[in-house]
């Protein structure tokens, strides 16, 4: 079985439910760019696929950056003078500004307020805030909560630690026929946020599991890393290996009901860019292809000028373009089984194109071969019965001159890649096509 | 006189009538890809231009194909039990499936029906069917005829032969100043079908006759061949000569009232593609330029990857895109004198562009030359009286840097090629332009 | 202070008034392609900037042309039989066909009429006519005047001289850091015509004055020449120097209320073409970018194939596209202070782009640098306070790979050049960017 066959045996409804279930398992964990929440996330992933874990010590220089101290948190709250928890980390881990330094003080509302963050335009949502590189502390709360806080003396407690430790990440490597790699990267550092990016983690894990069971041309590398510092660390530690990456996808925000969005790599016309564009164009669904811009997820690092890797970012609603982004409303209700399944199937479609996008050479390049004598052409009054599309056959023969890949042929002819692949297989079988030696 | 002058002396009405008259002469002949119908067609062409005829024996290997047996037919009919001919080849040669094997049997309607072909959506038209490469027989009839056939015992007779013989084709070669060739190809294997392709044959013949009487830069090769197997055979027999073909046109479906259509060569930007596009763009008529696709007429073979010749296909309504296509409705009424004449004039226009599309070098490239002292520029209050377009003069001087052909200049300036040619001639005469040595 | 700073200290209203005032000074002078009117114009320019004047003798061969005799005129009139001046050069210098040979005769209206030129479609305007290269004489008058002329005997007098003399032009050269030059050219041979081209002269002079007071990367050469013969003469005399011209602008028709128009150089994608396009695109005003055509002003000569210099033409309403063109209606009311100022500011904007459009190399090309530790990035809950656009920062870092200039980055990112320049400066200061050695 190869990756194309996978698509045919797949039950989208079941996979959608599986993906949502896995996101549900991961949701409560309080992740950050370092610490035990990240490790617990990797442990959950390991229920599905074996990971190689890496621990990179605090203080390690990674290009222009330094691996920060490890952050862990046990509890956090703001209590009023009656001892009631008016803000409680145990109720929602977004309540604490991620990477807050420890604090335990009593203070007036006025003194507390500069440390409180809310969203006036969405008074029932808790924002998500971080402060990785500046020592401070804070709480996030709904705007309604904020408005309801009376003048009082508040006991403020963040029971966190920021100590020398490690930055943790996990890798799953699947060897293929060739050492050339497809990289699938997703950040796994966001706490209870479902679309950004439990959806990406879940899909990456299920893709990895599915790929492990089929024949592969490419080798595949799945990495589960903290955002930004994680990809910088990974690139720093794998600088001599990245030349193997021929195609890459950052997976993110893949469960919301918005249309599929693909952000191209910096190269702009890399094979992965064309493969995703092809799959989305033939999806018969509205979609959005956007040019690279140096803002977004870890493609920023993979596409920095010193690497310029062919890595794009596959999403539904893009980061910061949906109101729920980085708020408590990006929860398990916001992501839908069908949307997760649809994203998963499109990812498989893209990988299927990449796996099979080879260049073939027409062995009978002078004039058309006589397809009829090979059973590839209709005879009088009927069709060939082969189920092959004859025009696709002719296109594939015509363009297989050693210069055009199957994706080139699909693009120029307007046929779906799968149709071109199918006729190419028939032509290979009848010795009319042969894989190019180049 | 050169080919451009031809356009000016031409009487379109007369040529249109001549073309239609010639198509009328050819119409009744029962042509096929081999056999005496094809030979008779060549004999008619020879009333206008001398042909070199080729006979290629049955069984000759031509690339992946084999020259088939020669087909000839004397009579064919279906008689009812009263002895009446209910289907009669003598009434219309489309009534027999072309290349039918001989048959003489009596059978029930039920047994006969699988051999009958009609067009339910056009109940008064007879379809055109062939079975070149599968031994079978059949009759085509109007759907009304089919519905009117009662249960009966029918005498079925096709008095045809399928024997070792030859594939016949004809060639007319007109030498020019250079050995570089323009190929004009049309298939001549269709029985009583007027647009596809008596229109093409007639226009090719009259083009050939016209070109024989003028000065020519290029050599011209007109070929009258059976479709598909004919171009394959021709290419097979002329493989070492085809490098001379610098431009080529397949002529087909040129008499119907639809708009002009040009299907580009596989190269897509060959000089002939640009020349036809130019002529159609400046025709002030609606027209259609379509990209190459490996389906259609003999351009399929000329543009196969092993040849990739700069050969496009010039039509009005394209094959299979008009309802009359491959039916008895593609008859002499369907093609119109004015349309034939219009197609002919456009062909001449294209050849005129190709003949004169040279690269010249401005002999005074630094600043503009003083046109006034050469009588090429208007003086006060009047025009130059030369009839020359001054802006076209300036464009031609400006772009004649050894890199731009006259067609390049016409395209970039927006002027019609003829206008650029006219000013180029004036500039050559005043020694301001000289043909490029390259 | 550099050229970018200039834009910030500029008072557009004051500059607009200055420009109009200077045009007013120049308006009454009867200029031609040679003669004292041209010299007087240079003398007026020298009130602002020192010019190097050149006198090129009549008869000098300049490429295909010859410097013509020098034309001067003292008086010209047509008197009726009562001795009244019915056409009077002293009332408007457009009344005489420029370069008219001397004449003093008495003649009938019928004999006079072939020498009279008017505009029936604009009965109150005097046309502008010249006859540089054909010895003749004539008068221009309003159509109303023409209609009012009764049968009479007219005394016709043109008191002009056409003698061996010189063609005069002026140059102002401002050396910069490098010998590479920006050429600013305007014709100064038109008599009382305000938009074409006193507007261009005034703006060129004020640009020159402004540039003389700031630091310059490029050297600048401003030339004030007669049209056509002037640029041909200049190119002929500077043939060995023109390789230094890296960018050039012909300035013309810059004071009318029409939208800004830029006509690209023959190269079509020269840096100056892109710089002007950028400035106009970001002007938030309607504008017009047109392709090169070999008709217009002196760009015709600069862009002749033997030179092909990167010189475009900056205008508002283009030559011959506004009804007032080459008539007495192109007067001081037709040009407006605000329009002159707007054109001036846009010119400065273009020069500012050219001056600062360098290629830089990201010194930390592998992954993003940590902007936060350099004070270039916002921290929690606030903005960086640096006033820098973060996305522009990221684009500049991402594309500064030694292949992209700041203008390339501005074009691809969609940011205004000034914004990219500003962040580039901040990145240079923090040693994240370094000028490319190439």
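From the backbone N, Cα and C atoms, a Cβ is placed for every residue, glycine too.
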Zn(2+) binding in TrEMBL involves A:190, A:326; of A:196, A:333, the partner in that site is A:196
With the cut-off set at 10 Å between Cβ atoms, which of these binding-site residues ends up with the most neighbours? Options: A:190, A:326. A:190
Cβ within 8 Å of the Zn(2+) site centroid (A:190, A:196, A:326 excluded): which residues? A:128, A:193, A:195, A:197, A:319, A:325, A:330
When you measure from the Cβ of residue A:196 (Zn(2+) binding site), how many other Cβ atoms are you left with inside 10 Å? 29
Secondary structure composition of the domain 'DUF2172' (A:70-161) [DSSP: H/G/I, E/B, coil]: 16 helix, 37 strand, 39 coil
Does DSSP put residue A:196 (Zn(2+) binding site) in a helix, in a strand, or in coil? helix
